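Heads up: the structure comes next, in structure tokens.
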Amino acid sequence: MGVPSEGAVGNVNGNEVGTTASFAGYMETRGVREARVLASELCRHMYTLGWFSGTGGSITIKVHDDSIPKPRQLVVISPSGVQKERMVPEDMYVLSSDGFILSTPPLKPYPHKPPKCTDCTPLFMKVYEMRDAGAVIHSHGMESCIVTMILPFSKEFRITHMEMIKGIKGHGYHDELVVPIIENTAHEAELVESLTEAITAYPKTTAVLVRNHGVYVWGDSWISAKTQAECYHYLFDAAIKLHQLGLDWSTPTHGPIRSINGIWGCNGTMSRGLKVGGLSLDDMIEPSQRCILLDIEGTTTPISFVTDVLFPYAHANVGKHLAATFDSEETQDDINLLRSQIQHDLEHGVVGAVPIPPDYVGKELVIASFVANVEAMIRADRNITALKQLQGHIWKTGFQSNELVGVVFDDVPEALERWHASGIKVYIYSSGSREAQQLIFSNSNYGDLRKYFCGFFDTTMGNKKETHSYFEILRTVGIDRPSDMLFVTDVFQEAVAARAAGLEVVISIRPGNGPLPENHGFRTIETFLEI
């Protein structure tokens, strides 16, 4: 960042203005004045909330102008190292959309220090670039620090079944809110790379926590950013209070945090002779784990439901879905992911990949090329995020219209209820997107089963056949001993990868599942009631 040289003519959001009188006039427009006033008011307000104490924290707002596209609008940013409760409009910096400082605050007499633009500036500009935001807030609120300390090795904050989740864009009461956590650094500007990675890995998030530091929150406008920041801080505070009470904020019931020993699903109180579902407890698996990680296809759900129902539905409706929702933010996110994947496929000679024509040829031809690529991906049964995310959104339409109903094996609800009653945490890890996973269990043939799950993982954690993916899940859940988690899958290669990470593993034998290698060395089950 820098200041244009004296006497030069600069291009500010598409308008050629000089750096002297023209710049001065431009800085005095109504939009810039209002944005400066608003930013100073919000600084004073957020100081009272404890977000901007000790000169910490910062805010930035785009200068709204209907005649200028948001990516090219001017940016107002609060300064660094000043008393936020005493902020006035003249204290604000004004930057161009590409980060050049156009206006600096005036010098103030002792004991004030010379003005300095906040160290958050490169992070703010990165959020503007990646999320087309209208405002970004960086809070040092105490709750945003402490919540990252509760699970010191976790890379995510998760919470569900709280009313204030509805205040976060794209989330409802039953949804699981996931906020990525990045590690703090000595200098704020050094966070840009990890912030970029977090925003890329979590396309739905509107916040990123910085461990032992604070949180960045953004929205389409200053109102959206402020409202969501208030909701995030409420949820962080709720998690801390629940933790103090020994209650689990990450589960639907927010029940006691338990350490389970002995037989799963019976609190260790059942006698050895008791029969369960026709199985003797002598035949049941008795691990000491406190978490279960479940696959879906071939484990909780028949393979035929996926291959004969879900995949054909997505295949038959991809063109219709893209045409009907093409301009929506959700579908544009899907299309951007597909573009990246298709470009990668073309560069690597993947069969079925075809180039996407430029937008000016018309929407119909562009959609047709996407359909051709997606159909090729479906035929090849590729487990890639771009495809899984789009399929999930197509299936959402099917579930909402009651054209689709999720299917689980008959033993699944009973087992989930038993584990839940015993305080055992259950998670899902599937190649399908998190959203698709929740659709299956919220619209199942046994009703809404989501209350039994503590979280959902997809391939954003990594490939299911790679060991590092399971290490990531362990770190996210906050489990110190890998053997405290039991993984249930029908895929031998996944079982091998999970075992290499230290998890206990059993293989699910269900109708329609593929054969296993001879002498595979894993315990097998035919029903969850064996666990």
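Each Cβ is built from the backbone N, Cα and C atoms, and glycine gets one as well.
Sequence annotations record features per position, and here Swiss-Prot assigns region 'Methylthioribulose-1-phosphate dehydratase' to 1-248 based on sequence analysis.
The feature substrate 1 binding site is assigned by Swiss-Prot to Cys120, with sequence analysis given as support. According to DSSP, Cys120 (substrate 1 binding site) sits in a coil region rather than a helix or strand.
Long-range Cβ contacts of His140 (Zn(2+) binding site) within its own chain (separation 6+, distance under 8 Å): Trp51, Phe52, Ser53, Gly54, Gly56, Gly57, His213, Gly214. Per Swiss-Prot, Zn(2+) binding site is recorded for His138, His140, His213, and the stated evidence type is sequence analysis.
Taken from Swiss-Prot, the feature active site, proton donor/acceptor applies to Glu163, supported by sequence analysis. Under the DSSP three-state reduction, Glu163 (active site, proton donor/acceptor) is assigned to helix.
Annotated region 'Enolase-phosphatase E1' per Swiss-Prot: 292-531, in sequence order, evidence recorded as sequence analysis. When pLDDT values are averaged over the region 'Enolase-phosphatase E1' (292-531), the model yields 93.
In the three-state DSSP classification, Asp490 (Mg(2+) binding site) falls within coil. If you look up Swiss-Prot, you'll see Asp295, Glu297, Asp490 marked as Mg(2+) binding site.
For Ser430 (substrate 2 binding site), the number of other Cβ atoms no farther than 10 Å from its own Cβ, over all displayed protein chains, is 25. Following the DSSP three-state reduction, the secondary structure of Ser430 (substrate 2 binding site) is coil. Positions annotated as substrate 2 binding site by Swiss-Prot: Ser430, Ser431, Lys464.
Taking the Cα atom of each, Ser430 (substrate 2 binding site) and Asp295 (Mg(2+) binding site) are about 5 angstrom apart.
Nearest Cα neighbour of Lys464 (substrate 2 binding site) among the listed recorded positions (Cys120, Glu163, Asp295, Asp490): Asp295. Here the binding residues for substrate 2 are Ser430, Ser431, Lys464. Their largest Cα to Cα distance works out to 8 Å. Close to the recorded Zn(2+) site, the chain also has Gly56, Gly57, Ser139, Gly141, Ser144, Cys145, Val210, Gly214, Val215, Tyr216: residues not among His138, His140, His213 whose Cβ is within 8 Å of the site's Cβ mean position. Straight-line distance linking the Cα atoms of His138 (Zn(2+) binding site) and Cys120 (substrate 1 binding site), rounded to a whole number, equals 8 Å. According to its DSSP assignment, His140 (Zn(2+) binding site) is coil.
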